[in-house]
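Asker: Just passing along the structure, written as C-alpha coordinates.
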Amino acid sequence: MIWTILLLFNGILFFYFMSNRTRSKREPPLDKGVIPWLGHALDFGKDAAKFLTRMKLKHGDIFTVRVAGRYVTVLLDPHSYDSVLQDTTSLDFTRYAQVLMDRIFNLRLPNHKPDSEKAIMKRHFHGESLSCLNHNMQNHLQTLLMFETTATQNQTDWKHDGLFGFCYSLLFRAGYLTLFGGEQNNNCTDAAKVYKEYQKFDSLLIKMARTTLKSGEKQTAGSVKQRLWELLAQAGQRENSSLWLHSYRQHLEQEGADEETQRKAMLLQLWATQGNVGPAAFWLLAFLLTHPEAMRAVRKEFNSITLSGTTTLDPQKHTPVFNSALEETLRLTAAPFITREVLQNKTLHMADGQEYDLRRGDRVCLFPFISPQMDPEIHHKPELFKYDRFLNADGTAKEDFFKSGRRLKYYTMPWGAGTNACVGKPFAVQSIRQFVFLVLSHLNIELSDSEAQVPAVDASRYGFGMVQPIKELPIRYKLRERSNLQ
Ligand code: HEM
(Lines of atoms letter the chains of each structure in order from A and count residues from 1; the text may use other names and numbers.)
(Lines give C-alpha, C1' and ligand atoms only; values in the text may rest on other atoms or scores of the structure.)
Protein backbone atom coordinates (compact mmCIF):
# COMPACT_ATOMS: atom_id res chain seq x y z
CA MET A 1 0.00 0.00 0.00
CA ILE A 2 2.73 2.43 1.07
CA TRP A 3 4.55 1.72 -2.23
CA THR A 4 1.43 2.44 -4.25
CA ILE A 5 0.99 5.77 -2.45
CA LEU A 6 4.67 6.64 -2.96
CA LEU A 7 4.51 5.76 -6.64
CA LEU A 8 1.35 7.80 -7.07
CA PHE A 9 2.93 10.73 -5.26
CA ASN A 10 6.03 10.49 -7.48
CA GLY A 11 3.82 10.34 -10.55
CA ILE A 12 1.94 13.47 -9.49
CA LEU A 13 5.22 15.28 -8.75
CA PHE A 14 6.65 14.25 -12.14
CA PHE A 15 3.46 15.33 -13.91
CA TYR A 16 3.48 18.66 -12.05
CA PHE A 17 7.16 19.20 -12.85
CA MET A 18 6.68 18.38 -16.54
CA SER A 19 3.60 20.60 -16.84
CA ASN A 20 5.23 23.46 -15.02
CA ARG A 21 8.31 23.78 -17.11
CA THR A 22 9.22 27.38 -17.79
CA ARG A 23 11.50 28.81 -20.41
CA SER A 24 14.90 30.06 -19.40
CA LYS A 25 16.38 33.03 -21.27
CA ARG A 26 18.76 31.00 -23.42
CA GLU A 27 16.18 28.44 -24.48
CA PRO A 28 13.99 28.52 -27.61
CA PRO A 29 10.44 29.96 -27.24
CA LEU A 30 8.33 27.44 -25.32
CA ASP A 31 4.74 26.66 -26.36
CA LYS A 32 3.09 24.12 -24.08
CA GLY A 33 -0.41 24.36 -25.51
CA VAL A 34 -3.46 24.59 -23.27
CA ILE A 35 -4.10 20.90 -22.52
CA PRO A 36 -2.05 19.62 -19.57
CA TRP A 37 0.49 16.88 -20.47
CA LEU A 38 -1.01 16.36 -23.95
CA GLY A 39 0.03 19.87 -25.05
CA HIS A 40 -0.16 20.14 -28.84
CA ALA A 41 -0.39 16.39 -29.51
CA LEU A 42 -3.80 16.54 -31.21
CA ASP A 43 -2.91 19.33 -33.69
CA PHE A 44 0.48 17.78 -34.30
CA GLY A 45 -1.07 14.41 -35.13
CA LYS A 46 -3.89 15.79 -37.26
CA ASP A 47 -1.72 17.79 -39.65
CA ALA A 48 1.89 18.37 -38.57
CA ALA A 49 2.64 20.55 -41.61
CA LYS A 50 -0.20 22.94 -40.82
CA PHE A 51 0.54 22.99 -37.11
CA LEU A 52 4.28 23.61 -37.50
CA THR A 53 3.69 26.31 -40.13
CA ARG A 54 1.44 28.06 -37.59
CA MET A 55 4.11 27.72 -34.88
CA LYS A 56 6.78 29.07 -37.26
CA LEU A 57 4.66 32.16 -37.92
CA LYS A 58 4.20 32.64 -34.18
CA HIS A 59 7.72 31.90 -32.92
CA GLY A 60 10.17 31.89 -35.85
CA ASP A 61 12.64 29.24 -36.99
CA ILE A 62 13.12 27.54 -33.62
CA PHE A 63 10.68 26.75 -30.81
CA THR A 64 9.89 24.05 -28.26
CA VAL A 65 6.45 22.45 -28.11
CA ARG A 66 4.95 20.00 -25.66
CA VAL A 67 3.61 16.86 -27.31
CA ALA A 68 2.13 14.10 -25.14
CA GLY A 69 4.42 14.77 -22.19
CA ARG A 70 7.58 15.21 -24.31
CA TYR A 71 9.26 18.47 -25.15
CA VAL A 72 10.25 18.71 -28.78
CA THR A 73 12.42 21.53 -30.12
CA VAL A 74 11.60 22.12 -33.76
CA LEU A 75 14.24 23.71 -35.98
CA LEU A 76 13.11 25.07 -39.35
CA ASP A 77 16.11 27.03 -40.65
CA PRO A 78 17.93 24.93 -43.28
CA HIS A 79 21.08 27.07 -42.92
CA SER A 80 21.28 25.79 -39.32
CA TYR A 81 20.46 22.10 -39.93
CA ASP A 82 24.09 21.01 -39.76
CA SER A 83 24.27 21.98 -36.10
CA VAL A 84 21.87 19.07 -35.52
CA LEU A 85 22.89 16.67 -38.29
CA GLN A 86 26.62 16.86 -37.58
CA ASP A 87 26.37 16.38 -33.84
CA THR A 88 26.35 12.66 -33.10
CA THR A 89 27.73 13.10 -29.56
CA SER A 90 24.99 15.10 -27.83
CA LEU A 91 22.23 14.09 -30.25
CA ASP A 92 21.23 10.51 -30.86
CA PHE A 93 19.38 8.92 -33.78
CA THR A 94 18.95 5.40 -32.42
CA ARG A 95 16.98 5.95 -29.20
CA TYR A 96 13.90 7.36 -30.88
CA ALA A 97 14.27 4.81 -33.68
CA GLN A 98 14.22 2.09 -31.01
CA VAL A 99 11.05 3.51 -29.46
CA LEU A 100 9.37 3.30 -32.88
CA MET A 101 10.76 -0.19 -33.50
CA ASP A 102 9.14 -1.37 -30.31
CA ARG A 103 5.83 0.42 -30.88
CA ILE A 104 5.39 -0.56 -34.52
CA PHE A 105 7.23 -3.87 -34.85
CA ASN A 106 7.28 -5.14 -31.23
CA LEU A 107 10.99 -5.44 -31.84
CA ARG A 108 13.74 -5.25 -29.22
CA LEU A 109 17.05 -6.36 -30.62
CA PRO A 110 19.57 -7.84 -28.20
CA ASN A 111 23.00 -6.16 -28.65
CA HIS A 112 21.51 -3.82 -31.22
CA LYS A 113 24.40 -2.50 -33.35
CA PRO A 114 22.93 0.00 -35.81
CA ASP A 115 26.37 0.79 -37.25
CA SER A 116 27.06 -2.84 -38.18
CA GLU A 117 23.59 -3.15 -39.72
CA LYS A 118 24.18 -0.02 -41.74
CA ALA A 119 27.59 -1.27 -42.87
CA ILE A 120 25.99 -4.50 -44.13
CA MET A 121 23.38 -2.53 -46.00
CA LYS A 122 25.94 -0.15 -47.53
CA ARG A 123 27.98 -3.09 -48.75
CA HIS A 124 25.00 -4.64 -50.52
CA PHE A 125 23.29 -1.53 -51.85
CA HIS A 126 26.30 0.01 -53.58
CA GLY A 127 28.74 -0.83 -56.38
CA GLU A 128 28.65 -4.23 -58.07
CA SER A 129 26.00 -5.64 -55.68
CA LEU A 130 23.71 -2.72 -56.50
CA SER A 131 23.98 -3.45 -60.24
CA CYS A 132 22.93 -7.01 -59.54
CA LEU A 133 19.95 -5.87 -57.42
CA ASN A 134 18.93 -3.36 -60.10
CA HIS A 135 19.07 -6.07 -62.74
CA ASN A 136 16.86 -8.42 -60.69
CA MET A 137 14.45 -5.62 -59.89
CA GLN A 138 14.15 -4.76 -63.59
CA ASN A 139 13.31 -8.38 -64.45
CA HIS A 140 10.69 -8.69 -61.73
CA LEU A 141 9.08 -5.39 -62.67
CA GLN A 142 8.89 -6.41 -66.31
CA THR A 143 7.43 -9.86 -65.55
CA LEU A 144 4.84 -8.49 -63.13
CA LEU A 145 3.82 -5.65 -65.43
CA MET A 146 3.35 -8.01 -68.38
CA PHE A 147 1.40 -10.47 -66.23
CA GLU A 148 -0.78 -7.66 -64.86
CA THR A 149 -1.68 -6.37 -68.33
CA THR A 150 -2.16 -9.64 -70.16
CA ALA A 151 -3.32 -12.29 -67.69
CA THR A 152 -6.91 -11.46 -66.94
CA GLN A 153 -8.39 -9.99 -70.10
CA ASN A 154 -8.01 -9.29 -73.77
CA GLN A 155 -4.85 -7.28 -74.39
CA THR A 156 -6.72 -4.72 -76.49
CA ASP A 157 -9.22 -3.88 -73.73
CA TRP A 158 -8.61 -1.03 -71.32
CA LYS A 159 -7.98 -2.13 -67.75
CA HIS A 160 -9.29 0.17 -65.01
CA ASP A 161 -7.42 0.67 -61.76
CA GLY A 162 -6.39 3.26 -59.17
CA LEU A 163 -2.93 4.70 -59.81
CA PHE A 164 -1.81 4.46 -56.17
CA GLY A 165 -2.68 0.76 -55.86
CA PHE A 166 -1.21 0.06 -59.30
CA CYS A 167 2.19 1.62 -58.46
CA TYR A 168 2.45 0.47 -54.85
CA SER A 169 1.44 -3.10 -55.58
CA LEU A 170 3.83 -3.54 -58.53
CA LEU A 171 6.84 -1.93 -56.89
CA PHE A 172 6.22 -3.65 -53.57
CA ARG A 173 5.95 -7.10 -55.13
CA ALA A 174 8.98 -6.60 -57.38
CA GLY A 175 10.98 -5.24 -54.42
CA TYR A 176 9.88 -8.13 -52.23
CA LEU A 177 10.91 -10.69 -54.84
CA THR A 178 14.26 -8.96 -55.36
CA LEU A 179 15.20 -8.66 -51.69
CA PHE A 180 13.18 -11.24 -49.79
CA GLY A 181 12.81 -13.96 -52.45
CA GLY A 182 9.81 -16.26 -52.32
CA GLU A 183 7.87 -18.15 -54.94
CA GLN A 184 8.86 -16.73 -58.35
CA ASN A 185 6.35 -18.15 -60.82
CA ASN A 186 4.32 -15.84 -63.03
CA ASN A 187 1.65 -14.83 -60.56
CA CYS A 188 4.03 -14.69 -57.56
CA THR A 189 1.46 -15.72 -54.96
CA ASP A 190 3.82 -15.21 -52.00
CA ALA A 191 4.53 -11.62 -52.91
CA ALA A 192 0.82 -10.91 -53.47
CA LYS A 193 -0.09 -12.39 -50.06
CA VAL A 194 2.58 -10.34 -48.31
CA TYR A 195 1.43 -7.19 -50.11
CA LYS A 196 -2.20 -7.78 -49.11
CA GLU A 197 -1.29 -8.10 -45.42
CA TYR A 198 1.22 -5.26 -45.64
CA GLN A 199 -1.50 -2.87 -46.86
CA LYS A 200 -3.50 -3.52 -43.69
CA PHE A 201 -0.36 -3.06 -41.60
CA ASP A 202 0.48 0.19 -43.41
CA SER A 203 -2.99 1.61 -42.83
CA LEU A 204 -2.47 1.29 -39.04
CA LEU A 205 1.23 2.21 -38.96
CA ILE A 206 0.84 5.88 -38.00
CA LYS A 207 -1.50 5.03 -35.13
CA MET A 208 0.92 2.34 -33.94
CA ALA A 209 3.75 4.88 -33.97
CA ARG A 210 1.65 7.34 -31.95
CA THR A 211 0.14 4.65 -29.71
CA THR A 212 -3.35 5.85 -30.61
CA LEU A 213 -4.85 2.55 -31.81
CA LYS A 214 -8.43 1.93 -30.63
CA SER A 215 -9.02 -1.43 -28.99
CA GLY A 216 -10.48 -3.09 -32.12
CA GLU A 217 -7.60 -1.73 -34.19
CA LYS A 218 -5.10 -3.07 -31.66
CA GLN A 219 -6.44 -6.55 -32.27
CA THR A 220 -6.31 -6.12 -36.05
CA ALA A 221 -2.75 -4.77 -35.85
CA GLY A 222 -1.72 -7.72 -33.66
CA SER A 223 -3.12 -10.35 -36.00
CA VAL A 224 -1.83 -8.65 -39.17
CA LYS A 225 1.67 -8.53 -37.69
CA GLN A 226 1.40 -12.17 -36.67
CA ARG A 227 0.48 -13.14 -40.24
CA LEU A 228 3.30 -11.05 -41.70
CA TRP A 229 5.84 -12.58 -39.28
CA GLU A 230 4.74 -16.01 -40.45
CA LEU A 231 4.89 -15.06 -44.13
CA LEU A 232 8.37 -13.63 -43.61
CA ALA A 233 9.67 -16.55 -41.54
CA GLN A 234 11.82 -17.91 -44.39
CA ALA A 235 13.09 -14.56 -45.66
CA GLY A 236 16.87 -14.35 -45.58
CA GLN A 237 17.07 -18.12 -45.32
CA ARG A 238 15.68 -19.28 -48.65
CA GLU A 239 18.05 -19.55 -51.56
CA ASN A 240 16.54 -16.78 -53.62
CA SER A 241 16.62 -14.10 -50.91
CA SER A 242 19.14 -11.35 -51.64
CA LEU A 243 22.69 -11.60 -50.31
CA TRP A 244 21.94 -8.55 -48.18
CA LEU A 245 19.10 -10.30 -46.34
CA HIS A 246 21.22 -13.44 -45.84
CA SER A 247 24.00 -11.34 -44.28
CA TYR A 248 21.53 -9.41 -42.16
CA ARG A 249 19.91 -12.57 -40.84
CA GLN A 250 23.32 -14.06 -40.07
CA HIS A 251 24.21 -10.88 -38.23
CA LEU A 252 21.03 -11.14 -36.14
CA GLU A 253 21.85 -14.72 -35.27
CA GLN A 254 25.38 -13.80 -34.23
CA GLU A 255 23.98 -11.07 -32.00
CA GLY A 256 21.84 -13.66 -30.24
CA ALA A 257 18.43 -12.80 -31.69
CA ASP A 258 16.06 -15.76 -31.43
CA GLU A 259 13.85 -16.96 -34.30
CA GLU A 260 10.87 -14.82 -33.26
CA THR A 261 12.96 -11.65 -33.00
CA GLN A 262 14.48 -12.38 -36.41
CA ARG A 263 11.02 -12.59 -37.99
CA LYS A 264 10.05 -9.29 -36.41
CA ALA A 265 13.23 -7.75 -37.79
CA MET A 266 12.25 -9.00 -41.26
CA LEU A 267 9.05 -6.95 -41.07
CA LEU A 268 11.04 -3.88 -40.02
CA GLN A 269 13.26 -4.32 -43.09
CA LEU A 270 10.24 -4.89 -45.33
CA TRP A 271 8.88 -1.53 -44.22
CA ALA A 272 12.25 0.26 -44.51
CA THR A 273 12.86 -1.03 -48.04
CA GLN A 274 9.32 -1.01 -49.50
CA GLY A 275 7.34 1.62 -47.60
CA ASN A 276 8.38 4.70 -49.60
CA VAL A 277 9.21 3.60 -53.14
CA GLY A 278 5.65 2.75 -54.30
CA PRO A 279 4.13 6.01 -52.98
CA ALA A 280 6.98 8.02 -54.58
CA ALA A 281 6.36 6.38 -57.97
CA PHE A 282 2.64 7.09 -57.59
CA TRP A 283 3.14 10.84 -57.04
CA LEU A 284 5.58 11.06 -59.93
CA LEU A 285 3.23 9.35 -62.40
CA ALA A 286 0.29 11.36 -61.02
CA PHE A 287 2.16 14.62 -61.71
CA LEU A 288 3.25 13.45 -65.17
CA LEU A 289 -0.30 12.40 -66.10
CA THR A 290 -1.68 15.77 -65.02
CA HIS A 291 1.15 17.87 -66.57
CA PRO A 292 1.38 17.03 -70.30
CA GLU A 293 4.45 19.22 -70.85
CA ALA A 294 6.36 17.32 -68.17
CA MET A 295 5.20 13.99 -69.59
CA ARG A 296 6.43 14.98 -73.08
CA ALA A 297 9.84 16.03 -71.72
CA VAL A 298 10.35 12.78 -69.76
CA ARG A 299 9.22 10.61 -72.71
CA LYS A 300 11.55 12.48 -75.06
CA GLU A 301 14.51 11.94 -72.75
CA PHE A 302 13.75 8.23 -72.25
CA ASN A 303 13.43 7.83 -75.99
CA SER A 304 16.89 9.27 -76.52
CA ILE A 305 18.56 6.76 -74.21
CA THR A 306 16.72 3.55 -75.05
CA LEU A 307 19.15 0.86 -76.21
CA SER A 308 18.62 0.63 -79.95
CA GLY A 309 16.35 -2.21 -81.11
CA THR A 310 15.20 -2.87 -77.49
CA THR A 311 12.86 -1.47 -74.89
CA THR A 312 15.58 -1.39 -72.26
CA LEU A 313 16.83 1.69 -70.49
CA ASP A 314 20.59 2.03 -70.70
CA PRO A 315 21.50 2.08 -66.98
CA GLN A 316 24.70 4.07 -67.65
CA LYS A 317 22.90 6.98 -69.29
CA HIS A 318 22.09 10.14 -67.38
CA THR A 319 18.50 11.32 -67.19
CA PRO A 320 18.60 14.91 -65.90
CA VAL A 321 15.01 15.64 -66.92
CA PHE A 322 13.67 12.55 -65.18
CA ASN A 323 15.89 13.28 -62.16
CA SER A 324 14.52 16.80 -61.92
CA ALA A 325 10.91 15.58 -62.21
CA LEU A 326 11.58 13.03 -59.44
CA GLU A 327 13.34 15.60 -57.24
CA GLU A 328 10.38 17.95 -57.73
CA THR A 329 7.93 15.18 -56.88
CA LEU A 330 9.82 14.33 -53.70
CA ARG A 331 10.08 18.02 -52.76
CA LEU A 332 6.27 18.11 -52.73
CA THR A 333 5.57 14.73 -51.14
CA ALA A 334 8.49 13.51 -48.99
CA ALA A 335 7.88 14.76 -45.49
CA PRO A 336 9.98 12.89 -42.92
CA PHE A 337 10.69 14.22 -39.47
CA ILE A 338 14.38 14.04 -38.73
CA THR A 339 14.32 13.37 -35.02
CA ARG A 340 17.19 13.18 -32.53
CA GLU A 341 17.19 12.67 -28.77
CA VAL A 342 19.21 15.12 -26.67
CA LEU A 343 21.64 12.97 -24.65
CA GLN A 344 23.29 15.84 -22.78
CA ASN A 345 22.58 19.55 -22.42
CA LYS A 346 23.76 21.28 -25.54
CA THR A 347 24.01 24.74 -27.05
CA LEU A 348 22.67 24.97 -30.55
CA HIS A 349 24.40 27.53 -32.78
CA MET A 350 22.13 29.01 -35.41
CA ALA A 351 23.50 30.29 -38.72
CA ASP A 352 22.41 33.85 -37.84
CA GLY A 353 24.67 33.83 -34.75
CA GLN A 354 21.91 33.16 -32.17
CA GLU A 355 22.51 30.46 -29.57
CA TYR A 356 19.93 28.31 -27.82
CA ASP A 357 20.25 25.80 -25.00
CA LEU A 358 18.70 22.38 -25.43
CA ARG A 359 17.82 20.23 -22.42
CA ARG A 360 18.90 16.65 -21.93
CA GLY A 361 15.96 14.28 -22.41
CA ASP A 362 14.15 16.51 -24.94
CA ARG A 363 13.92 15.74 -28.64
CA VAL A 364 15.04 17.86 -31.57
CA CYS A 365 13.10 17.64 -34.78
CA LEU A 366 13.85 19.02 -38.25
CA PHE A 367 10.96 19.17 -40.68
CA PRO A 368 12.54 19.98 -44.06
CA PHE A 369 9.14 19.77 -45.74
CA ILE A 370 8.34 23.28 -44.43
CA SER A 371 11.79 24.64 -45.14
CA PRO A 372 13.57 24.22 -47.51
CA GLN A 373 11.03 22.19 -49.52
CA MET A 374 7.90 24.40 -49.32
CA ASP A 375 9.67 27.65 -48.49
CA PRO A 376 8.57 30.38 -50.98
CA GLU A 377 11.83 32.26 -50.39
CA ILE A 378 13.73 29.25 -51.77
CA HIS A 379 11.33 27.74 -54.30
CA HIS A 380 9.15 30.14 -56.31
CA LYS A 381 5.45 29.15 -56.01
CA PRO A 382 6.37 26.07 -53.96
CA GLU A 383 2.89 24.52 -54.18
CA LEU A 384 3.23 24.06 -57.97
CA PHE A 385 4.78 21.05 -59.70
CA LYS A 386 7.46 22.30 -62.11
CA TYR A 387 9.24 19.35 -63.62
CA ASP A 388 12.28 21.45 -64.59
CA ARG A 389 12.71 23.22 -61.24
CA PHE A 390 15.98 21.32 -60.68
CA LEU A 391 17.38 21.93 -64.19
CA ASN A 392 19.65 24.70 -65.43
CA ALA A 393 19.01 26.33 -68.80
CA ASP A 394 21.78 24.17 -70.32
CA GLY A 395 20.03 20.98 -69.15
CA THR A 396 22.40 20.20 -66.26
CA ALA A 397 21.23 19.60 -62.71
CA LYS A 398 20.46 22.81 -60.83
CA GLU A 399 21.99 22.95 -57.36
CA ASP A 400 22.04 26.67 -56.64
CA PHE A 401 19.22 27.75 -54.37
CA PHE A 402 19.31 30.65 -51.93
CA LYS A 403 17.78 31.82 -48.67
CA SER A 404 18.56 35.15 -46.98
CA GLY A 405 20.99 35.82 -49.81
CA ARG A 406 23.13 32.78 -49.00
CA ARG A 407 23.50 29.64 -51.09
CA LEU A 408 21.89 26.63 -49.42
CA LYS A 409 23.57 23.31 -48.71
CA TYR A 410 20.14 21.75 -48.18
CA TYR A 411 17.56 22.92 -50.74
CA THR A 412 15.47 19.73 -50.62
CA MET A 413 15.90 16.80 -48.22
CA PRO A 414 13.69 13.81 -49.11
CA TRP A 415 16.46 11.36 -48.19
CA GLY A 416 17.45 12.93 -44.88
CA ALA A 417 21.06 14.06 -44.53
CA GLY A 418 24.24 13.56 -42.55
CA THR A 419 25.27 10.20 -41.06
CA ASN A 420 21.72 8.86 -41.05
CA ALA A 421 20.82 9.76 -44.61
CA CYS A 422 19.03 7.10 -46.65
CA VAL A 423 21.30 4.16 -47.49
CA GLY A 424 18.87 2.87 -50.10
CA LYS A 425 18.69 6.04 -52.23
CA PRO A 426 20.50 4.71 -55.36
CA PHE A 427 18.39 1.53 -55.35
CA ALA A 428 15.17 3.48 -54.77
CA VAL A 429 15.91 5.99 -57.56
CA GLN A 430 16.81 3.29 -60.06
CA SER A 431 13.70 1.23 -59.15
CA ILE A 432 11.44 4.23 -59.72
CA ARG A 433 13.24 5.12 -62.97
CA GLN A 434 12.91 1.57 -64.29
CA PHE A 435 9.27 1.42 -63.28
CA VAL A 436 8.29 4.71 -64.92
CA PHE A 437 10.27 3.78 -68.03
CA LEU A 438 8.54 0.39 -68.31
CA VAL A 439 5.08 1.85 -67.76
CA LEU A 440 5.59 4.60 -70.34
CA SER A 441 7.19 2.38 -72.94
CA HIS A 442 4.88 -0.66 -72.65
CA LEU A 443 1.51 0.82 -71.77
CA ASN A 444 -1.01 3.28 -73.02
CA ILE A 445 -1.89 4.84 -69.70
CA GLU A 446 -4.27 7.73 -69.07
CA LEU A 447 -6.49 9.30 -66.44
CA SER A 448 -10.03 7.87 -66.46
CA ASP A 449 -11.26 11.45 -66.15
CA SER A 450 -9.06 13.69 -68.26
CA GLU A 451 -9.89 16.67 -65.99
CA ALA A 452 -8.85 14.87 -62.78
CA GLN A 453 -6.33 16.55 -60.47
CA VAL A 454 -3.62 15.06 -58.27
CA PRO A 455 -5.45 14.03 -55.06
CA ALA A 456 -4.85 15.79 -51.76
CA VAL A 457 -2.45 14.41 -49.16
CA ASP A 458 -3.54 12.38 -46.13
CA ALA A 459 -2.37 15.02 -43.65
CA SER A 460 -2.10 12.57 -40.73
CA ARG A 461 0.95 10.99 -42.44
CA TYR A 462 3.17 14.09 -42.34
CA GLY A 463 6.38 13.15 -40.56
CA PHE A 464 6.54 9.52 -41.65
CA GLY A 465 8.44 9.62 -44.93
CA MET A 466 6.48 9.69 -48.17
CA VAL A 467 2.94 10.98 -47.75
CA GLN A 468 0.03 9.14 -49.32
CA PRO A 469 -3.07 10.42 -51.17
CA ILE A 470 -6.37 10.78 -49.37
CA LYS A 471 -8.11 8.98 -52.26
CA GLU A 472 -7.31 7.04 -55.40
CA LEU A 473 -6.59 8.56 -58.81
CA PRO A 474 -8.54 6.41 -61.31
CA ILE A 475 -6.62 5.43 -64.46
CA ARG A 476 -7.04 3.10 -67.41
CA TYR A 477 -4.28 1.31 -69.28
CA LYS A 478 -3.58 -1.32 -71.89
CA LEU A 479 -0.56 -2.85 -73.53
CA ARG A 480 0.82 -0.89 -76.49
CA GLU A 481 0.76 -2.79 -79.75
CA ARG A 482 4.42 -1.95 -80.27
CA SER A 483 6.33 -0.82 -77.22
CA ASN A 484 7.62 2.70 -77.72
CA LEU A 485 7.68 6.03 -76.02
CA GLN A 486 5.94 8.26 -78.58
C1 HEM B 1 11.55 6.96 -52.16
C2 HEM B 1 12.10 6.09 -51.35
C3 HEM B 1 12.78 6.43 -50.04
C4 HEM B 1 12.77 7.59 -49.30
C5 HEM B 1 12.02 8.90 -49.61
C6 HEM B 1 13.61 7.37 -48.14
C7 HEM B 1 13.85 8.31 -47.15
C8 HEM B 1 14.68 8.13 -46.05
C9 HEM B 1 14.98 9.13 -45.05
C10 HEM B 1 14.41 10.54 -45.00
C11 HEM B 1 15.84 8.60 -44.14
C12 HEM B 1 16.51 9.31 -42.94
C13 HEM B 1 15.77 9.23 -41.63
C14 HEM B 1 16.41 10.09 -40.53
O15 HEM B 1 17.45 10.72 -40.70
O16 HEM B 1 15.81 10.14 -39.46
C17 HEM B 1 16.07 7.23 -44.57
C18 HEM B 1 16.86 6.34 -43.89
C19 HEM B 1 17.08 5.07 -44.31
N20 HEM B 1 16.65 4.48 -45.49
FE21 HEM B 1 15.45 5.30 -46.89
N22 HEM B 1 14.10 6.09 -48.20
C23 HEM B 1 13.63 5.49 -49.34
C24 HEM B 1 13.89 4.21 -49.78
C25 HEM B 1 14.74 3.34 -49.16
C26 HEM B 1 15.10 2.04 -49.66
C27 HEM B 1 14.64 1.42 -50.98
C28 HEM B 1 15.96 1.50 -48.74
C29 HEM B 1 16.68 0.18 -48.76
C30 HEM B 1 16.86 -0.55 -49.78
C31 HEM B 1 16.12 2.46 -47.65
C32 HEM B 1 16.90 2.26 -46.53
C33 HEM B 1 17.09 3.19 -45.53
C34 HEM B 1 17.87 2.93 -44.30
C35 HEM B 1 18.54 1.63 -43.92
C36 HEM B 1 17.86 4.10 -43.54
C37 HEM B 1 18.47 4.34 -42.15
C38 HEM B 1 19.85 4.93 -42.24
C39 HEM B 1 20.53 4.95 -40.87
O40 HEM B 1 20.18 4.15 -40.01
O41 HEM B 1 21.39 5.78 -40.66
N42 HEM B 1 15.38 3.56 -47.95
N43 HEM B 1 15.38 6.98 -45.74
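Using N, Cα and C of the backbone, Cβ positions are placed for all residues, glycine too.
Got these off TrEMBL a minute ago, pasting:
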type    : residues               : note
BINDING : R103, L109, N276, R363 : substrate binding site
BINDING : C422                   : heme binding site
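Have a look at these and tell me how they're positioned relative to everything else.
Answerer: Secondary structure at R103 (substrate binding site), as computed by DSSP, is helix.
Non-local neighbourhood of C422 (heme binding site): W415, G416, A428, each in the same chain, at least six residues away, with C-beta under 8 Å from its C-beta.
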Asker: Tell me, if you would, which residue among R103, R363 (binding-site residues) has the fewest other CB atoms within 10 Å in the structure shown?
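Answerer: Comparing Cβ neighbours within 10 Å for the binding-site residues R103, R363, R103 has the fewest.
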Asker: If the criterion is a C-beta within less than 6 angstroms of any ligand 1 atom, which of the binding-site residues R103, N276, R363, C422 pass it? List them in sequence order.
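Answerer: Once distances to ligand 1 are taken from each Cβ, N276, C422 fall under 6 Å.
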Asker: Please list, in sequence order, the residues in the chain of N276 (substrate binding site) that are at least six apart in sequence and whose C-beta is under 8 Å away from its C-beta.
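Answerer: In sequence order, the residues whose Cβ lies under 8 Å from that of N276 (substrate binding site) (at least 6 apart) are A334, A428, G465, M466.
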Asker: Enumerate same-chain residues with a sequence separation of six or more from L109 (substrate binding site) and a Cβ-Cβ distance below 8 A; give 'none' if the list is empty.
Answerer: M101, L252, E255, A257, T261, A265
